[in-house]
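Please read the structure below before turning to the comments.
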């Protein structure tokens, strides 16, 4: 019993008798408010604990030889789809000219609304032309390429075949009205119909994981003496408006929290024949999710430069939108991790202890202030 008596001397929380405890309305109010605040702070701390934190690390990138996927969604409000070509090339010498297999073009009217097939038929009906039916021709025919025949292309049964044969020869496609295939397909008329339209280009490119560029430019592209050129003879340089809106551009898949700096970028060309260049630095990124899933993608930074691509008015060059990218030799690894449970417990204890302490101080202040005021009131009554 003597030992228990000595132990009681270390009690930091001495108790008072129930008869000496005073309960007040002010104390009840402070208790309820502090309890609600404590609950809100606890829920906030719990929500923070349930989220994951991301730890970044930096490594040398050794993953060469892979393919790089470029996701594209760009609108050109004043450049018809029939005039626009998309090309990609890299420092290894690989070229993709007038890419079509994974990229799609959608015609837009002057208000930016997609042109439906019903609208196309309506436009054709307005000028009362006979729609060309390719099934009406002999499937075994072999038509002329107008001197552009090669070992790969011996027959040109459509206007596009003739254009491709000309492109491979490095010839300019000057006057389609002199070519029977283009005349019967109404090539010139289609070009005229789309003159005031815009174009949306969307899809993806797969390129080698080396430095390179891809661009959107008017005219049919081809190689001539190992030089990449575009046939602009059917355009007036004063009519090329490269105003564009980059809805989305990314290199690889998106991961939580990624920021693509070119998304929703709207650029208005101040004059005709503008050349816009985007210099992009691609940083390979590995994102490891907390469940073990590994996502290999890329981040990038960008700088824009623009100039007039008209030899008479400015520097030499080609009107269009060019994205020139190079890859960083470093790789960023982002790892998701659960937050520390001990940190959560520490936070909860701090919330509870802090609220109890502050609530006790406020309650004591209210109680003693009320007693002091009541004493003065009672003293005034007696006098």
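For all residues, glycine too, the Cβ spot is worked out from N, Cα and C.
Residues 241, 266 are shown; Swiss-Prot lists N-linked glycosylation site for one of them, 266.
It is 1-25, from the ranges 1-25, 26-50, that Swiss-Prot records as region 'Required for MARCHF2-mediated degradation'.
In the three-state DSSP scheme, residue 116 (phosphoserine) falls into the coil class. Distance between Cα atoms for residue 116 (phosphoserine) and residue 266 (N-linked glycosylation site): 25 Å, as a whole number. Non-local neighbours of the topological domain 'Cytoplasmic' (363-383) in the same chain are 22, 24, 26-27, 30-31; each lies 6+ residues outside the stretch with a CB under 8 Å from one of its CB atoms.
Residue counts for the topological domain 'Cytoplasmic' (363-383) under DSSP, split into helix (H, G, I), strand (E, B) and coil, are 20 helix, 0 strand, 1 coil.
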